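> For reference, TrEMBL lists these features for the protein:
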type	residues	note
ACT_SITE	B:S177	active site, nucleophile
ACT_SITE	B:D342	active site
ACT_SITE	B:H375	active site
DOMAIN	B:147-207	domain 'AB hydrolase-1'
SIGNAL	B:1-24	signal peptide
Protein chains: 2
Amino acid sequence: MIVKARYVSRLLLVALFFCSASVALPLVEKQTFTAKQFRLFSGKVLPEVKVGWESYGELNAEKDNVILITHYFSGSSHAAGKYQESDEQPGYWDAIIGPGKPIDTSKYFVISVDSLANLSAYDDNVITTGPATVNPETNKPYGLAFPVVTIRDFVNVQKAVLESLGISKLHAVIGPSMGSMQAIDWASAYPDWVPRMVSVIGSGQSDAWTTAALEHWARPIRLDKNWKDGSYTRETAPVEGLVSSLMLITQQALHPGFFNQQGSAISYKPLESAPLEDIRQSHSIVSWLEQRARSRADKMDANHLLYLVRACQLFVAGHNGSLQEGLSSIKAKTLFMPAANDLLLMPYLSTRTFEQLREAGKNSHYVELEGNLGHLEGVLDIQEQGEQLKSFLNDKK
Amino acid sequence: MIVKARYVSRLLLVALFFCSASVALPLVEKQTFTAKQFRLFSGKVLPEVKVGWESYGELNAEKDNVILITHYFSGSSHAAGKYQESDEQPGYWDAIIGPGKPIDTSKYFVISVDSLANLSAYDDNVITTGPATVNPETNKPYGLAFPVVTIRDFVNVQKAVLESLGISKLHAVIGPSMGSMQAIDWASAYPDWVPRMVSVIGSGQSDAWTTAALEHWARPIRLDKNWKDGSYTRETAPVEGLVSSLMLITQQALHPGFFNQQGSAISYKPLESAPLEDIRQSHSIVSWLEQRARSRADKMDANHLLYLVRACQLFVAGHNGSLQEGLSSIKAKTLFMPAANDLLLMPYLSTRTFEQLREAGKNSHYVELEGNLGHLEGVLDIQEQGEQLKSFLNDKK
């Protein structure tokens, strides 16, 4: 019953958004940022970096009302609002970003930037630089000639975007999942920029479990005969490998509670006749998952997925020798918000980072998201902790 | 510290076994059972079924002291003992099967049978019939022409083996994971045979979550260019797909607690230089997992893995329309033993089956395995609940 109430409340939120949008909210516009000779954390240099960004609310004269939103693995800078009235869905965190919402755009200038190697390379609303980008030296897509990029590089691109706007300090940085990695890295790498940091469904580092778990996302792509060591065109892309990867990611980001509701909705049964009769046939729930993945694969690039996996695998806050070292430089007040039922980045990852910060005498807070969506609680249901978030962001440091 | 104590105690158990084995225990011998024109649950008929089986202890004159052990997904009928003094490891449940142990071979005749489509098709100590078996009609391996097999078929093969020995009733049936599925199906399909059933790290059915989760094990194999719709020879087998599948299975059967200890043991760090420098390189923990999988893949058949996945996906106790219907026929006293930290078949699956049996007025019991091995607690650490198991098995019904 709790779940149903949640669904209804989410529907209501969406409905309310439609109403208010038609009255007042301005439409969102994607901007482009370009940098030349961009030096990566590895020391390698990209001749050109081009990324998209978008913002909500107004930058004040002092340029000190900036909240940076860092996005998750399969996300983009589209955190809130709509590009056109007719868009089916607003940005992913629209429930908490807007006038009067926990991240209040009547007070704050909220900004978000597309990552390097963004998964949705072929989405018209995403601007990114990655293996699918044309290498100016060869006039072909980089493929695996593209250098490995890290969470730190995503942070440094965001910093360059902010500096191009004359910004030199944030009010806060906040992000879910891979976005949480960027938020923590911001607080560690540029402590004077970051007075407040919120890590949602995140981790202070990729432990052995997480790095190995991420590898399973990459392997189906590398097995696809169309992958060809990363040298493919969009027309001959390793779609089947990408679909398999997305199926795995989708399930791991959910929880049995929610997943089995979907099963009931499509009348899943273990003993279905098609998969009993023929090894090549699938259960209804498998077909459901596959169709969901296939519909998303169209705008995504398989090599980009490999590079995002690697960026996450390499992550330790501060990009130093140890998590402890990385956390030691943090000056921000911090808030950790794992999802209790998260099976992908389990709460222990947040707990350990939070505890290490407390042990180092830092001002750190912890609150769990409830609900049955698993990891996706932090993307689709974060408004559950909207009040906590609001008071954390509005408190004087 | 608890974990270290466990390790030590397991080492001690193994050491003790070595000592006692050199003194008294008889060596185990694999037997072969053959049946002709074997009718499957699907209605299809296999011209010949050949499976291996082994036993420990003596069948009494009344033939009423039989405990059947049903094996897990990547296991075989080698549940206890050694084939030769020089074997590095005894059978997987040796800690609880033997004279004076919870499954006491001085009282019981303990027997186990290799499954159809057993994963270790090329292991000299496994005898099985599956897609890698030569199809008498074509003189080539069946490949995907092999009919889909179910947990019920494994049960019916076991029943045929038992009947060939003049046995018509069990003292108990007990198995872990996929073995638990067989044990529950036995209790439902042949209630007059089964007075006691123990489900270890199991489930009464594959819910939508489980069926989808199992699918991820199959997809890497089908993506491998050597798979060729199942028509390959052992020399040109889809090894990379099989290795990817085994990597996923291995991790899912474990828990971060144990896994991160392994990470520490090999000095895993997120920010390792090889994977930072080169997208084609891997982290130490990924190499560790891959090597582990590769060393096991050698004796395994990729198509067999697909068929085992399917058998598990199709599973509902009783192989009827619903779990409730399947459980209604059970006469056995039952014991459910999930692992508290299991991420593969989570405790809720055991809980639900247990609760449905209680609601139907059946004599059912529940106890959880602790420890940090995750799913594998039920295979590698079951002796933790040895006393519970012993009293359950020895109680008059």
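Heads up, residue numbers simply count up from 1 along the chain you see.
The backbone N, Cα and C atoms fix where each Cβ goes, glycine too.
Structural setting of the listed features?
Taking all protein chains in view, 27 other C-beta atoms sit within 10 angstroms of the C-beta of B:S177 (active site, nucleophile). Classification of B:S177 (active site, nucleophile) by DSSP places it in coil, neither helical nor stranded.
DSSP classifies B:D342 (active site) as coil under the three-state reduction. There are 26 other CB atoms within 10 A of the CB of B:D342 (active site), with all protein chains counted.
Around the Cβ of B:H375 (active site), the number of neighbouring Cβ atoms within 10 Å comes to 25.
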> Pop the mean pLDDT for the domain 'AB hydrolase-1' (B:147-207) in here, whole number is fine.
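Looking only at the domain 'AB hydrolase-1' (B:147-207), pLDDT averages out to 98.
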> How big is the gap, in Å, between the Cα of B:H375 (active site) and that of B:D342 (active site), rounded to a whole number?
4
> What's the CA-CA gap between B:S177 (active site, nucleophile) and B:D342 (active site) in angstrom, rounded?
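A Cα-Cα distance of 11 Å.
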